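Listed in Swiss-Prot for this protein:
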- G207, P208, P209, S210, C211, G212, K213, T214: ATP 1 binding site (BINDING)
- 544-564: transmembrane segment (TRANSMEM)
- 581-601: transmembrane segment (TRANSMEM)
- 615-635: transmembrane segment (TRANSMEM)
- 661-681: transmembrane segment (TRANSMEM)
- 687-707: transmembrane segment (TRANSMEM)
- 773-793: transmembrane segment (TRANSMEM)
- 810-838: region 'Disordered' (REGION)
- 817-838: compositional bias 'Basic and acidic residues' (COMPBIAS)
- 850-1103: domain 'ABC transporter 2' (DOMAIN)
- 1175-1389: domain 'ABC transmembrane type-2 2' (DOMAIN)
- 1194-1214: transmembrane segment (TRANSMEM)
- 1226-1246: transmembrane segment (TRANSMEM)
- 1282-1302: transmembrane segment (TRANSMEM)
- 1313-1333: transmembrane segment (TRANSMEM)
- 1365-1385: transmembrane segment (TRANSMEM)
- 1422-1442: transmembrane segment (TRANSMEM)
Amino acid sequence: MAHMVGADDIESLRVELAEIGRSIRSSFRRHTSSFRSSSSIYEVENDGDVNDHDAEYALQWAEIERLPTVKRMRSTLLDDGDESMTEKGRRVVDVTKLGAVERHLMIEKLIKHIENDNLKLLKKIRRRIDRVGMELPTIEVRYESLKVVAECEVVEGKALPTLWNTAKRVLSELVKLTGAKTHEAKINIINDVNGIIKPGRLTLLLGPPSCGKTTLLKALSGNLENNLKCSGEISYNGHRLDEFVPQKTSAYISQYDLHIAEMTVRETVDFSARCQGVGSRTDIMMEVSKREKEKGIIPDTEVDAYMKAISVEGLQRSLQTDYILKILGLDICAEILIGDVMRRGISGGQKKRLTTAEMIVGPTKALFMDEITNGLDSSTAFQIVKSLQQFAHISSATVLVSLLQPAPESYDLFDDIMLMAKGRIVYHGPRGEVLNFFEDCGFRCPERKGVADFLQEVISKKDQAQYWWHEDLPYSFVSVEMLSKKFKDLSIGKKIEDTLSKPYDRSKSHKDALSFSVYSLPNWELFIACISREYLLMKRNYFVYIFKTAQLVMAAFITMTVFIRTRMGIDIIHGNSYMSALFFALIILLVDGFPELSMTAQRLAVFYKQKQLCFYPAWAYAIPATVLKVPLSFFESLVWTCLSYYVIGYTPEASRFFKQFILLFAVHFTSISMFRCLAAIFQTVVASITAGSFGILFTFVFAGFVIPPPSMPAWLKWGFWANPLSYGEIGLSVNEFLAPRWNQMQPNNFTLGRTILQTRGMDYNGYMYWVSLCALLGFTVLFNIIFTLALTFLKSPTSSRAMISQDKLSELQGTEKSTEDSSVRKKTTDSPVKTEEEDKMVLPFKPLTVTFQDLNYFVDMPVEMRDQGYDQKKLQLLSDITGAFRPGILTALMGVSGAGKTTLLDVLAGRKTSGYIEGDIRISGFPKVQETFARVSGYCEQTDIHSPNITVEESVIYSAWLRLAPEIDATTKTKFVKQVLETIELDEIKDSLVGVTGVSGLSTEQRKRLTIAVELVANPSIIFMDEPTTGLDARAAAIVMRAVKNVADTGRTIVCTIHQPSIDIFEAFDELVLLKRGGRMIYTGPLGQHSRHIIEYFESVPEIPKIKDNHNPATWMLDVSSQSVEIELGVDFAKIYHDSALYKRNSELVKQLSQPDSGSSDIQFKRTFAQSWWGQFKSILWKMNLSYWRSPSYNLMRMMHTLVSSLIFGALFWKQGQNLDTQQSMFTVFGAIYGLVLFLGINNCASALQYFETERNVMYRERFAGMYSATAYALGQVVTEIPYIFIQAAEFVIVTYPMIGFYPSAYKVFWSLYSMFCSLLTFNYLAMFLVSITPNFMVAAILQSLFYVGFNLFSGFLIPQTQVPGWWIWLYYLTPTSWTLNGFISSQYGDIHEEINVFGQSTTVARFLKDYFGFHHDLLAVTAVVQIAFPIALASMFAFFVGKLNFQRR
């Protein structure tokens, strides 16, 4: 039940939990007393010494000083007394044995008020170090003539990864191997920059998107991708990057949040702290302690305890973790799982802070931080930047931070500003000089304009003109190149060049400043850390392993009841059945390891991040992943053997039972190792699954069962001996058929067992069992070595080599410079006119009011909270919310993280899929009806979910086609789409592919603007926007808000949640709704001129500090209404609002607006959706076709798989199609078709799961928006598959038919094509069906293997229809593969009446098919109908369940 609760929703409860924890502290009196100050006993002077009269304390400290060095470094004195106790004192504690409660209380005592107490703690530490005359290590980072270049492939037309473009690229790569050259271009990302980042100063990196900020941060921290070429020199304290380990010396904090979803926040940071080690803290602590002892100084107990606790290496739980979580505000969610797209966890803002916490918990002294405050409210962002400022100033750290929208208060905390644009540095110097520099260039920052916003806009072509302040001089655009040159001529720029011209004096560098060792811990400790984490993840994924075991039990039950001993005789015919049962066991255990592919591939992104940051070597990750799978593999193999051995009726000897079990265990563990190895090599889920399918195909076809080794072409027999499954087959066969009960002599003078082995080409002696076992162990070792080597030497799977269109290249290279001036003049002239033009293009809509009264929202109490003592059944997340949103009024919905902003929007928009809603919601006075409300409303979600394989323009067109009223003609729609693209400034990237978040395609801010455009183009009357400016820089945010304001001015109702508004953006809103933690309202009303009303309201509360001049009202408002202020002043802002005259006025307004206007009518539409069903289907089919055409990883890979598989089978079964003389030759041909049908289908199903799940997430958003019906979506998805499936089926027939040598008849060729086409359709539609009934890819991937058990066992090959027990015959007829093989074999051989020798008797081919397999040539028409019925049935179930089930938890 815990997964049903949103992270934002329950964050407030975490705070309450913390408060309750503090209130019941008396129950932990012993722990509490350990940390209370006893000022009556002693006082600490300014220098930290203790008064002379505290003799007892001095004696206790002397005891510690006499301890051995190691023990002394781990021992300290902590207060041991309570204010209520008459006797007080201290006790000696071991800092390595602090419990969770002790660590929590210690941090709570050290840091009550984060901003002030963190500063005090850092000052105390610095004072202690300075007092003994020590210097802290510092790092000065220099970069000279730094240039970063990307090599791109130039293509004609749009640079989109279509199947055709990808095929051409593959061919061009092959051509390059011959020495030929392709058309390439080099694009400068960073262009010849110089600079110095000094220690002890906090530097802000500003610049528009795509200006090179991230690349610069990565280059300076030594984390640049290999596909980028870097020249110039970067040095730390005079040392080049290749002279030390920059990844250990500095920390790069990415803008992307990559974490393991199954771990909690605390576990993630603890693991990071453990792997990063303590750096020089131990040496510093020992030296400080030594010098204090020499000088007779007794330190402050709190500081000593803290410094010693964070100086101990390798602890599983670190006090530093508690400290970092506290200062970043993550302590309230420390025990919550991180979660992912489909699994509830912490909020986006908390995830962003966790990314920062993961790195700063380490000992590094240089931080390069990329957009660390995205998604955070301005108050939290200020607090984090303030902590960084304190860290930089007091610890003399080197900190460079990239921010998108820093509030003025946060901006003022920085010492230096670095402004970038187009890969150049426009300014790098003191913050106080930057405005003077631009004023000298002719530009002035207006009053009440944030300086950071001004800096990002003044370098933009479209915004620069408004800041020109020379009224007597004409304005002309000042380019980035000109600004950069002016800066170099400035005294600050010249000073940088002068400093760089003199080499850094290395003798000044502290010995501990740079890290020269790659890893922080000894190998054994790294191994223990990694194996502990791997064990934790296995426990968290227990459901997967239980599900797999249950599935194995089910498969074993089916197998043993099919091959049950009562039906199995000791003869040559049933010997074939025993052989089938053994082979099936091998296949089951082989395929059981298949989920290891996706589980390994999904974690590789986090692994490569941590490997890049030198957390641990690859072997420390690989060995635990291998070792911990041994008991699982052992258990699953034992379960299978115990269930099946005696029921099937294998030889009843204990030794042979255990030998079969040991061999099956070796096969199972080898398969797990093989799939893990393939995942490490191919890295992505889709590519790994394709490779895994090839792996299964290879092991299956060369195992010696489908085609005996003697029948294989001589040049392919190596495949048999290079195959792990072959050794499993040999070992199991000799173990069973060399048993005494198979020793009956046959007419050929061989025993029955030998005869069976000979027919299968397995005539080996008993020693081959041990050879096979050793071979399997060898394969296991080999696969795990390759797994480790792949992790060690392969790089992170980045997006493929960049492609660029010729037009875009020309633009970047400046071939259009001649038109630049005229273009600029035109754009600057057009800018103010644009709004009027937009106003003319207002599509018809009906203004609507949203009112809500006494709105409450509850969810079921999470299980973990019940475990902590909460006995309530429900958890309240919104409490008595009353308000109204009116047409033409732009409303801001604000509050700290966890206040319930998104929850309120979700409830009003009808997006909640769980929980309980109370209260009254009305639209223009009428009760809200969700079906009609979806038609008139738009919702910009916080997570930007879009189809990755279509362009920006196509995404907007698609939304317009499906959501605009059908009365609007196509020309108007096209014009409106163009206008929306221009308004949101997406017109310049309209041909760019959307891509996958954090991997390829659009940047974060471009993706955010696309989300807004997709909703605006629907022309809704009501628009809800959840953090529309998060992830945007100040200029992009201003563009978006300007567009939103223009839309609101047309009479629409718009509500935006917003986190970090600048003054301009905040004051663009007309009204404000402010929530506090717990979902309670503390203000609703107008903002007023310069936010006058909101300021007056809060300043009227006694003891609230007045707002400072030019202070951001949004930040001030959040600060003065915070929970800490409420506690400090003893007030409840929700109660103050409830008792105010403003509340009474608002209540009256809501009552008034809740009544419909006279003569008005409720919203009604002739149909549920804007478009007819046919219109929906056409639009969906259009998008799906584009998406498929641009998905080479899915479509091209499966076509290649089909081609290669067909070639392998064709070569292996060369000309066997008409070579029929014995039953074995018939089995061989049957095996070829059986193998191809099964494995082409399995590959299609497995590779389709990931693709369909991605599209399903998009579908959830589009369905919520009321864009189309489930049946239209399902049919569009189903129909799009058909041409690609047909191509695969055609490949199969064209390649295999002549190679295997089937009968050359058009009739038989058609049947082959038809059978394979229906089979592949069935497998693909099965993938759709599985995705529609499962919550995530992992469960679907496991569930699919259960279907494969039936598809394999009941296909008619392993056990023919005539031998299937009566209680299972129904499953045979429900198995699609049985009908596929029936259709193929019957059509091919059902009319062949040649003589064939079957088990020593003569019969015809047609009679053998009928008597042994149950295939009737005269029933082919029935077979044809059943074959097409399977895909139709699965497609219908997909359409049904995709409409009925919703696994998105909100």
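Cβ from N, Cα, C; glycine included.
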Thinking of Cβ pairs under 8 Å, which stretch from 581-601, 615-635, 773-793, 1194-1214, 1313-1333 has the most of them with the transmembrane segment (544-564)?
581-601
Contact count check, CB pairs under 8 angstroms to the transmembrane segment (773-793), set 661-681, 1226-1246, 1282-1302, 1313-1333, 1422-1442; argmax is 661-681
Ranking 661-681, 1194-1214, 1282-1302, 1313-1333 by the number of C-beta pairs under 8 Å to the transmembrane segment (1422-1442), which range is first?
1313-1333
Per Cβ pairs under 8 Å, the stretch of 687-707, 1194-1214, 1282-1302, 1313-1333 packing most closely against the transmembrane segment (1226-1246):
687-707
Fewest-neighbour residue among binding-site residues, criterion Cβ within 10 Å, set S210, T214
S210
For the domain 'ABC transporter 2' (850-1103), the averaged pLDDT of the predicted model is 85
DSSP three-state call for K213 (ATP 1 binding site): helix, strand or coil?
helix
Counting only residues 6+ away in sequence within the same chain, which have a CB under 8 Å from the CB of P209 (ATP 1 binding site)?
S1003, E1005, Q1006, D1033, A1036
One stretch in 581-601, 615-635, 687-707 has more Cβ pairs under 8 Å to the transmembrane segment (661-681) than the rest, namely 581-601
Should one count Cβ atoms within 10 Å of each candidate's Cβ, the binding-site residues G207, P208, G212 would be headed by G207
Are there any residues in the same chain, six or more apart in sequence, whose C-beta is under 8 angstroms from the C-beta of C211 (ATP 1 binding site), and if so which?
M420, A421, K422, G423
Segment proximity, the transmembrane segment (1282-1302) to the transmembrane segment (1194-1214), 3 or more C-beta pairs under 8 Å:
yes
Checking distant contacts: for the transmembrane segment (581-601), what same-chain residues at least six beyond its ends satisfy Cβ-Cβ under 8 A?
541, 544, 548, 551-552, 555, 559, 563, 625, 629, 636-637, 640, 644, 648, 664, 667-668, 671-672, 674-676, 678-680, 682-685, 688-689, 692, 696, 699-700, 703, 705, 725, 728-729, 732-733, 736, 1246, 1337-1338, 1341-1342, 1345, 1348-1349, 1352-1353, 1358
Here the 10 Å Cβ neighbour count for K213 (ATP 1 binding site) comes out at 26
Check: same-chain CB within 8 A of ATP 1 site center, minus G207, P208, P209, S210, C211, G212, K213, T214:
M420, A421
Simplified DSSP label at P208 (ATP 1 binding site) comes out coil
